[in-house]
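Annotation source TrEMBL lists ATP binding site at Gly106, Lys107, Gly108, Gly109, Val110, Gly111, Lys112, Ser113. According to TrEMBL, the feature domain 'MIP18 family-like' maps to 6-71.
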Amino acid sequence: MKLDRKEIIEALESITVPGEGKNMVESGAVQNVMTFGDEVVVDLVIGNPSLQAKKKAEVEIMKVIHDKVYEKAKIKVNIKVETPEKPEIKGKSIPGIKNIVAVASGKGGVGKSTITANIAATLAKMGFKVGVLDADIYGPSAPIMFDVADQKPLAVDIDGKSKMKPIENYGVKILSIGFFTQPNQAVIWRGPMAAKALNQMIFDAAWGELDFLLLDLPPGTGDIHLSIMQSLPITGAVVVSTPQNVALADARKGVAMFQQESINVPVLGIVENMAYFTPEELPDNKYYIFGKEGAKNLSEDLQVPFLGEIPLVQSIREAGDVGRPAALQENTPLADAFDQLTKNVVQEVVSRNQSLPPTEAIAITTMAGCSAVKK
Ligand SMILES: Nc1ncnc2c1ncn2[C@@H]1O[C@H](COP(=O)(O)OP(=O)(O)OP(=O)(O)O)[C@@H](O)[C@H]1O
Ligand SMILES: [Mg+2]
């Protein structure tokens, strides 16, 4: 059997590239096709660095060649990842902010804001310069979780320009849409408006030097998310899920949202929140009330890192309500869990920055900061 190169190319033309409305050949993804008897080698360039995207492209190519040309063809697909240039607005640099980490979930109420507040407090404890931008226009939480709800950011003059000065507590700088909206007032905004407000809170704010700016996103995967994602240079995303199936299905959508080609934000990993219930007085007892290791299994399935698990404990909720993140308690198993989670996030940011082109000038390239943990 001698394979015909033209037939192979025609078969590849039946594969459409998601989001581009072009087929794989038209889009320029197929760089070269070579045939040797019953063997075919396809050189492919793709923009999405995820393993999942690579696997999908490979499987599709094999399938169309087997189905349309020759079912016994021996196929080799060489895949090269070339991350596309970010759109102009994404390249806008934010002086002083090294990494923007978005914290997202598909489902609401799984603990994004709680996890964001605790990672931020832990990063500050470790010696990093950290900010939190509460982007949840439906229900801002950061002002309460950091006990700063009664404060208003002031304007400061920086190089002749008036800038918003974030509020600071526990070594964390905070800006929230909640500082500018009335409590109990439902904010009905569309994506572009939310993105504009957030842009102002990033570009027109006096954050100073930050190693990490954590972005606490609203729940869901709607147009607000698309606008935010496309208008900000986000280094990577942390997806929070609880272990039960309804939350996992939404977390899967969350991961897919970041990985889609028009967004292309690296997923740093998945956090399992409310992994099990532990009564404070019986710390060794673990009750898997929402199911066991659901988010961990999901991360394996999607081939994204598993960042850690946080138990369901009353003190986390209480700490959130009082406005002092639970991770700040000294030497508790909970503080250890948040330490481990935070180290994993830092580690993933470091390896992301080493393996992918920067969205920004990125300076953190070692774990050195973590050794500065002050206990
Ligand atoms: N591990 C935990 N243990 C106990 N309570 C928790 C835990 N995680 C979150 N909570 C509580 O659950 C509630 C919801 O958490 P949180 O507001 O962080 O979720 P969210 O995902 O940000 O919600 P939303 O989708 O509305 O933004 C809060 O009262 C919080 O204190
Ligand atoms: Mg929230």
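Placement of Cβ uses the backbone N, Cα and C atoms for every residue, glycine included.
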According to DSSP, how is the domain 'MIP18 family-like' (6-71) divided among helix, strand and coil residues? 25 helix, 17 strand, 24 coil
For ATP, residues beyond Gly106, Lys107, Gly108, Gly109, Val110, Gly111, Lys112, Ser113 with C-beta within 8 angstroms of the site's Cβ centre include exactly Ser105, Pro219, Val240, Thr242, Ala247
Find, for the listed binding-site residues Lys107, Lys112, the residue with the lowest Cβ contact count at a 10 Å cut-off, counting only other Cβ atoms. Lys107
List of residues, in chain order, with Cβ under 8 A from that of Gly111 (ATP binding site) and at least 6 apart: Ser105, Val240, Thr242, Asn273, Met274, Ile310
If you draw a 10 Å sphere on the Cβ of Val110 (ATP binding site), how many other Cβ atoms land inside? 27
Cβ distance under 8 Å to Ser113 (ATP binding site), same chain, sequence separation 6 or more: which residues? Asp134, Asp136, Ser141, Ala142, Met145, Asp216, Gly320
May I ask which of the binding-site residues Gly106, Lys107, Gly109, Val110, Lys112, Ser113 have a CB within less than 6 Å of any atom of ligand 2, listed in sequence order? Lys112, Ser113
Ten-angstrom check, please: count other Cβ atoms within 10 Å of the Cβ of Gly109 (ATP binding site), all chains counted. 11
